[in-house]
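> Found this in TrEMBL, in case it helps:
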type     : residues : note
TRANSMEM : 12-32    : transmembrane segment
TRANSMEM : 44-69    : transmembrane segment
TRANSMEM : 107-128  : transmembrane segment
TRANSMEM : 148-167  : transmembrane segment
TRANSMEM : 240-270  : transmembrane segment
TRANSMEM : 282-301  : transmembrane segment
TRANSMEM : 322-346  : transmembrane segment
């Protein structure tokens with residue numbers, strides 16, 4: 001039971017942690033690109049605003065999910081689990097601790113490429129937060145023309161530098177006699193083009209491009225407008241109820257369809273629905289994007305689930321039982337968040353001018 005609990009907890013923690021940043025999951029990246037293309041005049045969603053909205057959600061979800069997993073697999077003895085008193089370890093526990101210590105020592109000291117990559121990661125995060133903080137002018141305000149600096153500008157620029165910085169620490173001093181002096185031209189960078197081609201998720205790029213084509217075709221053919229008008233019966237419901245229904249629908253669909261495919265299909269429909277009902281599009285798009293990531297009931301839901309299932313310790317019934325609770329927890333917390341601090345953060349109580357302009361453009 002402990003093995004099942006820890007295995008599934010790692011999968012759920014990876015999913016919950018990915019919600020914190022706009023680049024944490026493929027669904028949030030697809031949402032951001034679609035939103036910026038659909039509403040180019042909207043300057044609402046960026047790395048900072050997404051973090052302010054999603055960080056409390058991730059924190060609350062981690063705590064509540066821990067209680068759920070502990071109750072489901074280990075029982076209600078929370079006092080014993082949280083006890084700080086030292087107990088005598090069994091021989092099996094001592095062997096496990098020794099094995100973990102040996103594996104840690106095999107890692108060795110931190111290498112030069114790891115230090116460079118860690119520095120760039122911290123620098124990238126700082127630049128993302130300070131581009132448009134919202135409460136003070138960011139470094140984007142130093143440039144005259146708007147729209148040319150996005151979060152992608154920072155990541156592309158720092159990623160490009162990794163193609164130039166050598167993987168071995170450069171030595172500028174004189175070498176001793178007898179030491180091999182490698183020519184500078186033979187020094188490989190931290191990332192080579194071969195490594196990039198091997199690890200780049202091209203299927204996501206192609207899927208996103210296909211999603212743009214699908215959205216453009218739905219708009220030009222009038223399909224999205226037609227679907228929006230068919231849902232006019234929902235106008236009698238309050239906005240929070242419309243959002244809740246949309247979240248429940250995508251939560252069911254995404255358990256059987258991949259997350260990128262689900263959000264690619266639903267984004268154009270929800271944009272048209274929000275414009276037809278005069279609801280702020282972010283009121284439906286943000287919670288739906290997050291709920292799609294909660295596909296944790298089946299191995300096909302997301303890659304962490306598939307990896308955990310491949311180890312053979314967890315059966316389908318274990319994943320369904322635990323994942324259903326996490327799914328409900330996420331749905332409730334996201335619904336509460338979007339109707340509390342989400343309203344003030346994104347001004348969700350008004351129908352924005354940028355959505356109105358897009359609606360008029362589509363009709364003409």
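Backbone N, Cα and C atoms are what each Cβ position is placed from, and that goes for glycine too.
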> Any chance you could find the range in 12-32, 44-69, 282-301 with the most Cβ pairs under 8 Å to the transmembrane segment (322-346)?
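Answer is 44-69, with the largest number of Cβ pairs below 8 Å.
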> Quick test of the contact rule: Cβ under 8 Å, at least six residues beyond the ends. What residues does that give for the transmembrane segment (107-128)?
47-48, 139, 151, 154-155, 158, 161-162, 165, 167-169, 190
> Are there residues at least 6 beyond the ends of the transmembrane segment (282-301) whose Cβ is under 8 Å from a Cβ of it, and what are they?
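Contacts of the transmembrane segment (282-301) (Cβ under 8 Å, skipping residues fewer than 6 from its ends): 11-12, 15, 18-19, 25, 27-28, 31, 35, 44-45, 53-54, 57, 239, 242-243, 246-247, 250-251, 254-256, 258-259, 262-263, 266-267, 270-271, 273-274, 308-310, 316, 319-320, 322-324, 326-327, 330-331, 334-335, 337-338, 342, 346, 348.
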